[in-house]
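Have a look at the structure below, then the notes.
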Amino acid sequence: MAGPMTITAEEVNCLIHAYFQDSGFQHSAFTLRMEGRLDNSHHIKKHIPRGELVELLSKALLYSEVEAHWKEDGLANNCKNRFSLLEHHVCLFDSDEQPHPSAQPNGSSYLPVVGDTKSKRKSVTPSSEDGHVEKRARREDDDSESAMAVDGASTPKTIPKEVKSLVELQPSFTEGVIKKHKTKGATLPKSEAVSVLRAHESEVFVASWNPASPGSLITGARDATIMYWDIPTNSWDGSAVPSLPPTSKISLTNSTKADLTSLDWNKDGTLVAIGSLDSVLRICNASGETYMIDDHHKGPIFAAKFSPSGQWIVTASLDNTSCVWDVKDRRLHRQYRNHGEACCLDVDWIDDSIFVTSGGDCLAHIVSLSGTKPIQTLKGHTAELTMVKCNPSRTRLVSGSDDATARVWNLEAILLDKAPTPIVLKGHTKCLTSVKWCPNTVPETHELVATASFDMTARLWDSSTGDCLRVLMDHTKPVYSLSFSPEGFQLATGGGDGYLHLYDVKTGDKVWSWSGGVRLGIFEIDWKKWGDTSRIALATEHRAVVIVDPTKLHGVRTT
């Protein structure tokens, strides 16, 4: 007889904390982490797969559905009323539109089984063919009675064998994703173009190529470790090469709340700015040696970016401020409190003396180094403004928000003190996760903007007209990351389903897909080119860094 199953409030809080992070509710996650004192819990260090809370709730709902329709001699499978997390269930049958008289107040319906009891849920035995195994191993005493305790309160519950078998034989979400993609023609190659590097011990959140040193890559993970890599730039077979070790590994802190959030190189690749949840700004050189550390912020740093010349760094923090740092003198230049009581979520430079910040107050502020107050405020978004990005010429700005829209602003007009009138990019149904400008524009055409969303799509837009040119719908979970190829011919998307898709920007056709065979997300994509060498780096939830050589991919244009 196994001991009782227990659920503690601490475990539930960790699940909710992970759900907040998955959903992009960073402020809520931070608040729960502080108020729940989760940093003192050993559970906070455990890997919680994306969507775990939703998956557990769906399984609980399935059990409740089976329990409501169960009687000793069978299972009723002709109830037409769907189950809901928040609504009391009353059975509804084909015979009439009223609840069946045998429906009990607790939502149970004692009816004989009609037809095949297995037809309601198709039975699928998990297969390891694609590298998938059951999430939790079945125990030998599955048929025994068990008790569940919530914070010490036990509620014995007998689980019928038939209920157990029905619940346990549900197809895994991962297998459903694989089968769905196979029907779409996506590929799951063990390709010579792909190499999977395993050295991190937790989820890899950020990855950034050195702009000046071919093959030099830096990656950062949830456990506050930084890895430096020297990736071969000559021809190599990624599938045959043994896992390449990093050239150096740096543990930034022993803190349990030091997830890496941001990496940004200066223009000549000599220094990299590192943002982290531990509120500390760090600058390291190209070999990993510390150049500067400052803990002036009192909340997590979400973004840290060099100015075009590399003279300044601007940071965005959950402490409701942005800060500008003098890189040469290694000191704080000024702290800005323009978002009131709302957190500052992103920053970018317009030129070497003017920058833009976005925040939880639904506003973007354009600020000059010579003053403290905004020289212009951009209004119109109706939810947290989570990202701002200038185009390559720094003449226009795109802002992305939790209100499911992006807006394109004419910076030249704004800096001339003209009333800002944005182009609104409307079409997504959930909050945005990423916005990117196409690096190159074909003569006599408009600049392109790409957006990604929790609605499981990416979109390509004409930034001058606001027209949606393409809707990319191959992902089965939220799309987290975007990257154009350096020439602007392709768009790469990475999602919570673990897939990387490459699309032709002109036609919108999918030209290549890859997955590691697990339903763990791709958090960041960085596509860089040095001369004739081109490489794509992926930061993944699977604790791996994935390198793709696009020159070896059929149909991917690199020149």
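In case you wondered, yes, glycine gets a Cβ from its N, Cα and C as well.
The feature region 'Disordered' is assigned by TrEMBL to 97-153. Annotation comment: TrEMBL describes 129-141 as compositional bias 'Basic and acidic residues'. Sequence annotations record features per position, and here TrEMBL assigns repeat 'WD' to 197-231, 294-335, 378-412, 425-471, 472-513.
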Non-local residues, at least 6 beyond the ends, that sit with Cβ under 8 Å of the repeat 'WD' (472-513): 22, 50-51, 177, 180-181, 184, 186-188, 430, 433-441, 448, 450-460, 519-529, 534, 536, 538, 540-542, 546, 548, 550, 553-559
Surrounding residues of the repeat 'WD' (378-412) on its own chain - C-beta under 8 Å, 6+ positions past either end: 24, 27, 308, 342, 345-351, 356-366, 420-426, 428-432, 434-437, 439, 447, 449, 451, 453, 455, 461, 463-464, 466
Beyond the flanks of the repeat 'WD' (294-335) by at least 6 residues, Cβ under 8 Å: 26-27, 30, 257, 261-262, 264-268, 271, 273-281, 283, 341-349, 351-352, 355, 357-359, 367, 369, 372, 394
Structural state census, the repeat 'WD' (425-471) (DSSP three-state): 0 helix, 23 strand, 24 coil
